[in-house]
């Protein structure tokens, strides 16, 4: 072992660039540094690029949301699927769509950059929208309409119908896989984060991004859904397709204004290298702090890098073995002879950032499972309620989700302008409360929403059974669903926005694509969990002459039990989240004290947690 120490000390003169050889205790510093690294100056597009970036984002989201906002009803009424099959299609497709951004982030970071990733993905999304527009347009691509007046049995889709549907959804998945992980980072790239003006621009960009997203959802869930249900599915799908084409044109118009950040290599390959190098050096003993001078590989970052230098920490300490320099492992120019045996401190600390965020990420799955019901069983409820608003106008079932969006749109300005400043005076935290506290509050609202949804479903079903209408519609207004949707709006305002901001702030700069794809993976996990629960309950509940909870006729089922199950899982998940959050240490934490300044590494460590 003594020979190994001598080899380590002789092999490199590279030392950590911080006091006491740069070994930071995990109680002093966590996964990052507040001081920016020295980067070369660039001329960012800034707000000159925003009309094209935000315009492209707005049209793209309006197109994709407008196309799919009412898709559950499309599958029920045009494809004649039962609610379990339609729910499975949506959940499986959503799962695939939200996992693919990991691949998009890899391609963007390793090979072609964010601009070309968004460009190619937009073309695939356009192809997907064209395909889905053809389905209601051409009779041979969907089942024949039902003639319920003569008692005709509705025919379901055949293999060719399902194949064409799968092709369209597949193109959309590929498109989303490139756009979702790159859209926010590409907008952030347009600002210089090393200047006050650039940082203010980035903060403003997030506000405009959230605002435009909410406005888009409201338009899609009202105007576009109404056209789909009351005018024509062809026109209702065609409008989003045209908007996607406009998005593509607008994106390319801004090519002369954009800042193009070159791909610096994929973080995924770097992660694998860290674990391989650690495994190969697993038998080495980590040196004490006093003996660490020159032991760890810590090259300087490239001058034009946008990444901030991360110091070595003692969290997940065994990973540090991957940076121990052995004899002959460094070339004369300072590069490793084998990148699968020697990794830099920067690579190791980036992996640590990912590892400590994963437990927080996992808690979002069950919370989002509750939110996902707005597009499935909430719509099934709405279809069996009185949706008339006046003698002639009928509210489309897919429009009801706009109640959540209106809640978000009203709440966010009040929260940001009135509540946060008041709380900030007490907590001395920039955002009033920590991001993890914001995420936790959203979880509470999602649980309450499921409990209320179960209670309302019992009222709706009892009314439908007592009324005994031939169409099974309960003679109560669909606005009975408003309380559960309002509560879900609060859940989204706290949890979703909190998650997105948390990932973007806690990941290093070169992992921003991963940060945004990680939220998509939360949605994917929720979709698969929802599909798993639906199929388990469909196959195991009921029996002895009683239908299952999620049977085709919602009036004969027990959908409220499904809601209560999700609420129960949410309570267990909340306890786990509190346990994880109380042990989390932030990369950056801002304190308010006659202005905003970073916390000292040794400042009130207990207050830096959940």
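Glycine is treated like the rest: Cβ placed from N, Cα and C.
Automatic, uncurated: that is what TrEMBL annotation is.
Database features (TrEMBL):
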REGION    1-44  region 'Disordered'
COMPBIAS  1-10  compositional bias 'Basic residues'
COMPBIAS  11-21  compositional bias 'Low complexity'
TRANSMEM  62-80  transmembrane segment
TRANSMEM  92-112  transmembrane segment
TRANSMEM  119-140  transmembrane segment
TRANSMEM  160-179  transmembrane segment
TRANSMEM  208-227  transmembrane segment
TRANSMEM  233-253  transmembrane segment
TRANSMEM  354-373  transmembrane segment
TRANSMEM  393-414  transmembrane segment
TRANSMEM  435-456  transmembrane segment
TRANSMEM  476-497  transmembrane segment
TRANSMEM  518-537  transmembrane segment
TRANSMEM  562-581  transmembrane segment
May I ask for the residues of the chain that lie six or more residues beyond the transmembrane segment (393-414) and have a Cβ under 8 Å from a Cβ within it?
69-70, 72-73, 210, 214-215, 217-218, 221-222, 225-226, 228-230, 374-375, 378-379, 382-383, 387, 478, 481-482, 485-486, 488-490, 492-493, 497
Mind pulling out the one from 119-140, 160-179, 476-497, 562-581 with the most Cβ pairs under 8 angstroms to the transmembrane segment (233-253)?
119-140
Region pair the transmembrane segment (354-373) / the transmembrane segment (435-456), three or more CB pairs under 8 Å:
yes
Who are the long-range neighbours of the transmembrane segment (160-179) in its own chain, taking Cβ under 8 Å and residues 6 or more past its ends?
60, 64, 67-68, 79, 89, 93, 96-98, 100-101, 103-104, 107-108, 117-118, 120-129, 131-132, 134-135, 141-143, 520
